[in-house]
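Below is one structure, written out as structure tokens; the observations come after it.
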Amino acid sequence: MAATVALGCALGGVAFAADTVKLGVSIPAATHGFTGGIVWWANQAKAELEKAHPNLKITVKTASGAPEQANQLQDLVTVTKIDSLVIFPFESAALTQPVLQAKKKNVYVTVVDRGLTDPSAQDAYIAGDNTAFGRIPAEYIAKKYNGKANIVALRGIPTTLDNERWEAFTGVLKQYPDIKILDGKYANWNRDDAFKVTQDFLTRFKDIDVVWAADDDMAFGVLKAIEQAKRTDIKEVFGGAGSKTMVKTIMDGSNPLIHADVSYSPKFIYDAIKMTAEARLKGDKLPATHIIPSALITKENAKEFYFPDSPY
Amino acid sequence: MPSAPAPTPATEVRRDGAAPRKPARRFDPHRFGPVIGLVLLLIAGTALNPDFATWDNLMNVLTRTAFIGIISIGMCFVIISGGIDLSVGSMAALIAGAMILLMNALAGSVASPVAVVGLGMLFALLLGGGFGLAHGYLVTRGRIEPFIVTLGTLGIFRAVLTWLADGGAITLDNDLSDAYGPVYYGSLLGIPVPVWVFLVVSVAGAVLLNRTAFGRYVQAIGSNEQVARFAAVDVDRVKLLTYGLLGVCVGIATVLYVPRLGSASPTTGLLWELEAIAAVIVGGTSFKGGEGRIAGTVIGAVLLSVISNILNLTSIISVYLNAAVQGCVIIAVAFLQRRRP
């Protein structure tokens with residue numbers, strides 16, 4: 001009898017403001033700078049939101065692979081009995097079924113960044129803007145160098161996400177016949193690989209204006225390789241994602257090769273958790289798709305993108 | 001069938017006997033597989049891009065090989081003795097992170113940056129040796145398979161580093177970076193410091209393996225542990241020391257690595273273990289243990305770096321296929337130096 005009443009309340013809670021919200025957060029483990037930031041921002045959201053809303057309970061789980069994440073998801077639904085979920089899927093295809101199973105058990109699902117292969121498995125989708133991540137630096141370079149420059153590019157790990165950025169970047173620059181992309185190689189979003197790839201680019205090309213490092217971690221390796229080779233032809237290194245060290249460098253103007261960056265902050269997990277929790281507490285729904293815009297970071301606005309306590 | 005195990009003791013006797021060395025100096029074509037492979041690659045590289053054969057490029061390649069190369073030399077001893085170490089990449093990352101944290105902490109109380117860097121380097125070598133001995137202890141006294149022990153520590157080392165770094169990067173203070181920089185970026189007689197260190201470690205490794213009792217014991221244990229035990233070799237002690245030696249090699253590699261980027265992050269040293277093992281095997285050391293060569297290992301390590309260097313210097317092959325090209329070359333070289341049954 002009590003069980004029936006409880007079930008009725010739980011179902012009713014979808015339409016009306018919920019008494020309590022049990023929110024599960026499932027994210028990749030901190031294995032590199034960016035995911036380190038994701039984990040930090042998720043815990044930040046838990047601390048702030050649980051303090052602000054006593055009837056909100058957030059459980060954060062980190063996974064180091066798709067199968068582990070699927071298992072954790074099962075535990076969140078059956079053991080923790082969550083009613084809402086914010087998930088940053090490790091892999092799109094592998095997590096689609098597990099998320100769908102959760103949704104079938106009346107869990108409200110917000111998917112972050114890496115989408116699922118079947119959008120019907122989610123209630124809302126919140127992501128960074130990968131097209132803008134490639135488009136903004138291309139437009140910036142084209143404008144700053146008056147449509148004439150030699151560029152070498154570093155790419156991440158071969159993934160659809162990387163392809164999206166690369167196509168946006170090259171797509172813009174196709175309109176400028178005097179801008180040459182000399183070559184683009186994978187450096188796996190890794191400092192060491194970026195160092196080596198840049199060394200080889202510097203051996204191969206005698207005249208480079210801009211290096212599009214496409215990531216702040218990689219930009220770090222690029223800068224070291226340029227410094228070692230004592231090259232003076234390179235005017236600019238453009239990273240990406242707005243890590244705190246890079247934003248600080250732009251604020252201080254402390255490196256003559258660094259002038260701008262494009263934001264793709266791991267803070268979007270914080271936004272996703274906050275939006276989901278607050279909407280659920282009110283009994284609202286989120287818009288189906290919410291893209292967190294990427295913005296050009298320059299000396300003028302760098303302060304807004306600087307979070308000194310975040311590890312990234 | 002009974003003919004199969006027979007050749008092993010025969011070669012063993014030949015190598016152990018110091019006097020009758022000369023007759024063994026016949027030309028042995030598969031022994032030169034790695035050299036042939038490397039020469040072919042060098043020719044291909046020069047043909048594809050004239051900048052390949054420049055001094056600067058060759059020094060770049062040798063310098064970046066130094067880390068993996070030095071680790072491979074330690075790995076060579078472990079593999080010859082019949083063991084394996086899967087944790088070296090994570091170990092290097094953790095040592096790098098720990099030594100940076102220590103140096104940053106010391107920078108406040110010790111005035112001279114050079115002294116701080118010296119202490120940091122000493123700490124890295126001790127930590128590496130300590131980790132290695134711990135592996136050796138678990139393998140010999142704990143009687144756990146080396147594959148399992150080091151698979152366990154592979155996870156432990158990297159997780160501890162990630163925890164220390166809070167998922168981000170641990171970065172060396174600027175003043176210390178300037179003092180430490182020359183260890184990677186400096187050069188002596190036109191040759192970068194890491195290349196010198198690599199050379200010294202290689203020669204020391206070759207002498208240790210081929211000219212000392214310890215080296216002979218390592219080979220004897222890998223060839224047949226029971227026989228070595230009956231021959232009064234202290235098997236446990238020798239094995240313990242091979243892991244300790246590898247740990248020190250990882251420490252040396254890390255000491256050279258840290259000044260390059262002045263930071264350690266959870267992606268530091270990722271897959272180094274596989275690169276080091278590949279260098280040893282491509283260099284002609286038997287995966288089953290018993291015999292191996294330091295010179296081959298050095299050539300194997302250089303060969304692996306040259307492949308990725310050539311791929312970076314050209315754009316004729318789709319970037320998606322880089323790993324496939326590397327895989328083909330590794331298999332081809334292994335084929336060139338294969339043993340007749």
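The backbone N, Cα and C atoms fix where each Cβ goes, glycine too.
If you look up TrEMBL, you'll see B:1-26 marked as region 'Disordered'.
What TrEMBL records for B:12-26 is compositional bias 'Basic and acidic residues'.
If you look up TrEMBL, you'll see B:31-49 (among others) marked as transmembrane segment. Using a Cβ-Cβ cut-off under 8 Å and counting only residues 6 or more beyond its ends in the same chain, the transmembrane segment (B:31-49) has close neighbours at 282-284, 296, 299-300, 302-303, 306-307, 309-310, 313-314, 316, 329, 332-338.
Residues or ranges marked as transmembrane segment by TrEMBL: B:61-80 (among others).
Outside the transmembrane segment (B:92-111), and at least 6 residues removed from its termini, the chain residues within Cβ reach (under 8 Å) are 67, 71, 117, 119-121, 123-124, 127-128, 131, 157-158, 160-161, 164-165, 170-173, 175-176, 250-251, 253-255, 257-258, 262-264, 266, 268-270, 272. As annotated by TrEMBL, transmembrane segment applies to B:92-111 (among others).
Under 8 Å from some Cβ of the transmembrane segment (B:117-140) lie the Cβ atoms of residues 74, 83, 85, 87, 91, 95-96, 98-100, 102-103, 106, 110, 146, 149-150, 153, 157, 176, 179-180, 183, 235-236, 239-252, 254-255, 258, all in the same chain and six or more residues away from its ends. The transmembrane segment annotation in TrEMBL covers B:117-140 (among others).
The annotation transmembrane segment is assigned in TrEMBL to B:147-165 (among others). Tertiary neighbourhood of the transmembrane segment (B:147-165): same-chain residues 84-87, 89-91, 93-94, 97-98, 101, 131, 134-135, 138-139, 264-266, 268, 273, selected by CB-CB distance under 8 Å and a gap of 6+ residues from either end.
What TrEMBL records for B:185-209 (among others) is transmembrane segment.
Residues annotated as transmembrane segment in TrEMBL: B:240-258 (among others).
If you look up TrEMBL, you'll see B:317-336 (among others) marked as transmembrane segment. Within its own chain, the transmembrane segment (B:317-336) has Cβ neighbours under 8 Å at 30, 32-34, 36-37, 41, 278, 281-282, 300, 303-304, 307-308, 311, counting only residues six or more beyond its boundaries.
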